[in-house]
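Features as listed in Swiss-Prot:
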- 96-167: domain 'PAS' (DOMAIN)
- 210-425: domain 'Histidine kinase' (DOMAIN)
- HIS213: phosphohistidine (MOD_RES)
- 1-13: topological domain 'Cytoplasmic' (TOPO_DOM)
- 35-38: topological domain 'Periplasmic' (TOPO_DOM)
- 60-431: topological domain 'Cytoplasmic' (TOPO_DOM)
- 14-34: transmembrane segment (TRANSMEM)
- 39-59: transmembrane segment (TRANSMEM)
Amino acid sequence: MLERLSWKRLVLELLLCCLPAFILGAFFGYLPWFLLASVTGLLIWHLWNLLRLSWWLWVDRSMTPPPGRGSWEPLLYGLHQMQLRNKKRRRELGNLIKRFRSGAESLPDAVVLTTEEGSIFWCNGLAQQILGLRWPEDNGQNILNLLRYPEFTQYLKTRDFSRPLNLVLNTVRHLEIRVMPYTHKQLLMVARDVTQMHQLEGARRNFFANVSHELRMPLTVLQGYLEMMDEQPLEGAVREKALHTMREQTQRMEGLVKQLLTLSKIEAAPTQLLNEKVDVPMMLRVVEREAQTLSQKKQTFTFEIDNALKVSGNEDQLRSAISNLVYNAVNHTPEGTHITVRWQRVPHGAEFSVEDNGPGIAPEHIPRLTERFYRVDKARSRQTGGSGLGLAIVKHAVNHHESRLNIESTVGKGTRFSFVIPERLIAKNSN
């Protein structure tokens, strides 16, 4: 086993080199000349090894150093071992960087590494999507030149990173940006897309505002009549009118609460529990009778039902979806409208549809029809007792059955609501 170079080895090498000079000098004389020749030969040998080492270090790409003898052998062997260790460390460091980048790419947030001045030296893929960065084209670019927002510039310049920055991109996307010091004079920037959270917060505010608004009017009516009764007793027709109005408003509030509870129940229901066998044809026969009663012969109906077509699902949710679509057609179409209800087999499953030849719905309203409390004609909806929750209930109910609500409408020609229950949920004995 080779050991490191020592003084003993160097002195021994020098003595061995000079030994022939001593022997020859003892026999022939001229000892100084023989010693000079020996030392010169040793020097030339060292210079030759130095040139070989320099060639290997600067020119030769081989990992193995040139073979060495004497004092050069442990030196060259040590250099070779050091190179192997460095290669191993570089490989380990490369693997560590790969794991770090792989982990950073898996993060659900955009990650950017910059210098203290803002020069980018790395970013993950999500940063390219969310912040619009390009890698490696933007390497070395100042992030303030790429994200030109005054509040972002001020946030970086003040150096107060105790709170995140909420930034709005292009009036649509909301970002939450956090900046943390990262090693010496470097910054770690994490950007999270919180657009959906802002939308949910807005929906929550609108929901409570709408519920408050819907309850305020019937409560105001009830309060008004109660105050009238306190001031003077009501008799005859006035009393009957007051009781009738209070009863209507109470029923309206009760209906609103029931629909809110139904919507909450559907949203909270587990989607995987679709194991009930639902007799949709029988359900539609009940809905047909109720629709005829609700219509009071103002509309005409055609029910085209495949009596053998049954599905697996949640019966309460499907009943809510089907009845809401049919009752909406009755409540929101004028007298003389013809309503066609179909339950039939289609190539990809079982389709339920409600079609009418009424006035239709303007295109700008269609994307918002399934929002809670959204109404196309608010005055007419309140007159018919509509709460604006029916289509929201339908949307969530059909989503739980791996489907989606389709709405097609042409102004002046009519509207068609439909959804398709997928093939896998059709009962096996359905033809």
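Backbone N, Cα and C atoms are what each Cβ position is placed from, and that goes for glycine too.
Sequence-distant contacts of the transmembrane segment (39-59), counting only residues of its own chain at least 6 positions beyond either end whose CB sits under 8 Å from a CB of the stretch, comprise 13-14, 17-18, 65-66, 68, 72, 76, 79.
Remote same-chain partners of the topological domain 'Periplasmic' (35-38), defined as residues 6 or more beyond its termini with a Cβ less than 8 Å from a stretch Cβ, comprise 17-18, 20-22, 25. Residues in the domain 'PAS' (96-167) partition by DSSP class (helix H, G, I; strand E, B; coil) as 30 helix, 15 strand, 27 coil. Note on the topological domain 'Cytoplasmic' (1-13): its mean pLDDT in the predicted model is 65.
The residues of the topological domain 'Periplasmic' (35-38), classed with DSSP into helix (H, G, I), strand (E, B) and coil, number 4 helix, 0 strand, 0 coil.
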